[in-house]
Amino acid sequence: DTVLAAATITMKLTSTVCFPRQEIMKWNGWGYSDSKFLFNKKGQAEFTGKRYRLSGMVLPSLQDWFENTFGASVNHKSPATPALNASAVPPASLNEAFVEDLKATGIPFSHEAEDRVFRAHGHCLHEIFALREGKKFERVPDMVVWPNCHSDVVKIVELACKHNVCLIPYGGGTSVTSALECPPEETRCIVSLDTSQMNRILWIDEKNLVAHVEAGIIGQDLERLLNESGYCTGHEPDSMEFSSLGGWVATRASGMKKNVYGNIEDLVIHIKVVTPRGVIEKSCQGPRMSTGPDIHHFILGSEGTLGVVTEVTMKIRPIPEYQKYGSVVFPNFEAGVACLREVAKQRCAPASIRLMDNEQFQFGHALKPQVSSIFTNFVEGLKKFYITKFKGFDPHQLVVATLLFEGDRERVLQHEKQVYDIAATFGGLAAGEDNGQRGYILTFVIAYLRDLGMDYYVVAESFETSVPWDRVLDLCRNVKERINRECKERGVQFQPLTSCRVTQTYDAGACVYFYFAFNYRGLADPVHTYERVEHAAREEILANGGSLSHHHGVGKLRKEWMKESISSLGVGMLQSVKDYVDPDNIFGNRNLL
């Protein structure tokens, strides 16, 4: 690509997530192999590795919280299968003519069992549980290919069309919607198209503040490279360490700092997509066009059903001059939601403002590392006394909002005062920068906790929705009650944990993110029980005016509700695009439709 009348920078990347990925990442759990929560020989919880601020620290309160919350015991362990059982992997069913033509291109490929299984799943509970239990797989990709650039993808798609091979794009593998699962009824050779080697920033246009990037780049690498040149995208989904730019586009992703930087649809200027009919892209990169329905919106959220996103031009910003964390304690969830509503109404939301309910507050407190300083312990004790005694906050009702401000220093300080003034009118008390920073950073380690839970008979999952402001409180209350009721009716012997947080705010509503977990001892099929409870929770969300998804997407997990969500005619419109762009269903993951 040529950019005229602009200073440009071209970059080559050394990826943080290596090739092959399973050398540094867990094959049957979340994240890096060297990073995990465990209970050591002294019975203390700790987080291993050196990659996170929590790494190497002892967490003295976690065991008590874990055992008291779930009725679990660290003496009753359910360890994971230590290594992949190759005999549980179906043999590869290769299309030999496709393989021969692929060899001629020089594009790397593999049909080794480990490579295939690693790309056969995302991170839904049933997928990870099956891996941990060493269960036999019904269907996995028959081979994996690693294109190095856009033209490689064009060759692969052309060969797939020629030989009637099914392609499933694979970005970061962080899907929680069953989007990466191979349809069991698919009889053709299935090829996982792994975009991880397409990881370059091709150029940065400093005059127009845009960057042209290959879609396989992982979020943390994209930000690191841009930071080296003084820029950022500001797009920080919870999964940014492992999810890819192409995956963000394919699922209509949202980030923690969207208030300043926007969601992925706000950041994208231009998309290049390889489909069975050819390459889709706009002829110019103007900031806005009135040329009929925006073709980008056929691609955004298409979840790998139409083609492969290969290159993206997106907005960038100079790295903010100043960054400041903060936190506010409210007497109850209702006061916290009212404050967030007012902040949204006044359009003064900081880069990130997230409200945790009391259950998440208690959980966050259990993750506090051991404090070595007597003085720090003393200060923490004073804070606790002030909030619960002097101000009369009930520790079983209070909630916490974490804040992140970014920008010009003087403006940030003015902004901070405005938000804290609003919070005070709803009974909110400033609770310090440390709590805000800890709450923000915990986002990146919280996913590791599910693996710890499954080691001790606890299953857990998260799901999200968006909802109008006037329905937030009802939806949160009713979904929690529905989960508790369903667990009891389905034979769960212990009280489940149900919690939520408001993670993103808009003029007309908010995103609500739920966690729920339960001790499954005594259940014959814990995954089936979990899935029925989650299904009921999603029905409750829809009945309370919530959306099918805010940013996780639909995949195969939620597609039964698509007609209800966008109408029969809407589904027909999507189907007509699919039929025209991919008449032979080469991209046959069967997501959405």
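The backbone N, Cα and C atoms fix where each Cβ goes, and this holds for glycine too.
Those TrEMBL annotations? Automatic predictions, nothing curated.
Per TrEMBL, these features apply:
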- Tyr513: active site, proton donor/acceptor (ACT_SITE)
- 169-175, 251-254, 303-309: FAD binding site (BINDING)
- Arg450: substrate binding site (BINDING)
- 137-319: domain 'FAD-binding PCMH-type' (DOMAIN)
- Arg354: site 'Important for enzyme activity' (SITE)
* Other CB atoms within 10 A, centred on Gly307 (FAD binding site) -> 26
* Asked: Once the chains shown are all counted, how many other Cβ atoms turn up within 10 Å of the Cβ of Gly304 (FAD binding site)?
  -> 26
* Structure fact -> Mean pLDDT across the domain 'FAD-binding PCMH-type' (137-319) comes out at 97
* Structure fact -> Least crowded of the binding-site residues Pro169, Gly172, counting other Cβ atoms within 10 Å of each Cβ, is Gly172
* Structure fact -> Cα nearest the residue listed as 'substrate binding site' among recorded positions (Pro169, Arg354, Tyr513) -> Tyr513
* Out of Ser175, Ala253, Arg450, Tyr513, give me whichever of these recorded positions has the highest number of other Cβ atoms within 10 Å. => Ser175
* Where Arg354 (site 'Important for enzyme activity') and Pro169 (FAD binding site) are concerned, what is their Cα separation in Å, rounded? -> 32
* What is the separation, in Å, between the Cα atoms of Gly304 (FAD binding site) and Tyr513 (active site, proton donor/acceptor)? -> 24
* To the nearest whole angstrom, state the Cα distance for the pair Tyr513 (active site, proton donor/acceptor) and Ala253 (FAD binding site). => 14
